[in-house]
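**Q** The structure's right below; bear with me while I get my questions together.
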């Protein structure tokens with residue numbers, strides 16, 4: 001049975017454009033009507049299940065913060081609010097280092113951010129002893145990465 005191009009929706013007289021999407025259930029499943037919703041012989045009268053779109057996962061540094069916490073204080077936990085604060089802190093520091101490294105790269109008329117720019121950005125942003133420790137840990141991480149390749 002051919003379908004009519006414009007069907008009326010449950011609202012007052014406003015025509016619905018096009019046909020329903022593939023996989024979406026029809027409004028009414030009446031055996032009198034010969035559309036998608038009608039029961040067909042031999043099919044068992046089953047409807048297709050509507051697949052919901054999966055929501056995008058939120059990225060966070062939570063698992064890494066937790067691992068570091070357990071290295072430093074194995075018997076200490078962290079609340080979700082404190083984890084949120086720590087995640088915001090890590091994101092903020094990351095953004096600051098990245099923007100400073102980008103500024104240094106453009107000041108030196110280069111197009112690629114290297115480990116040298118990151119190191120200089122860390123030295124500029126972090127105070128004294130903290131900068132020294134961050135640089136040494138960063139150098140150690142880069143060395144470990146290059147040797148594992």
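Note that Cβ sites are derived from N, Cα and C of the backbone, with glycine treated the same way.
Straight from Swiss-Prot, here's the annotation block:
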REGION    1-57  region 'Disordered'
MOTIF     4-7  motif 'SPKK motif 1'
MOTIF     9-12  motif 'SPKK motif 2'
COMPBIAS  9-20  compositional bias 'Basic residues'
MOTIF     14-17  motif 'SPKK motif 3'
MOTIF     19-22  motif 'SPKK motif 4'
MOD_RES   19  phosphoserine
MOTIF     24-27  motif 'SPKK motif 5'
MOD_RES   24  phosphoserine
COMPBIAS  29-57  compositional bias 'Basic residues'
MOTIF     30-33  motif 'SPKK motif 6'
MOD_RES   30  phosphoserine
CARBOHYD  136  O-linked glycosylation site
CROSSLNK  144  ubiquitin cross-link
**Q** Determine the mean pLDDT over the motif 'SPKK motif 5' (24-27), rounding to the nearest whole number.
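**A** Mean pLDDT for the motif 'SPKK motif 5' (24-27): 55.
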**Q** Measuring Cα to Cα, how far is residue 144 (ubiquitin cross-link) from residue 136 (O-linked glycosylation site) in Å?
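**A** Distance between the two Cα atoms comes out at 12 Å.
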**Q** When a 10 Å sphere is centred on the Cβ of the residue listed as 'O-linked glycosylation site', how many other Cβ atoms does it contain?
**A** 10
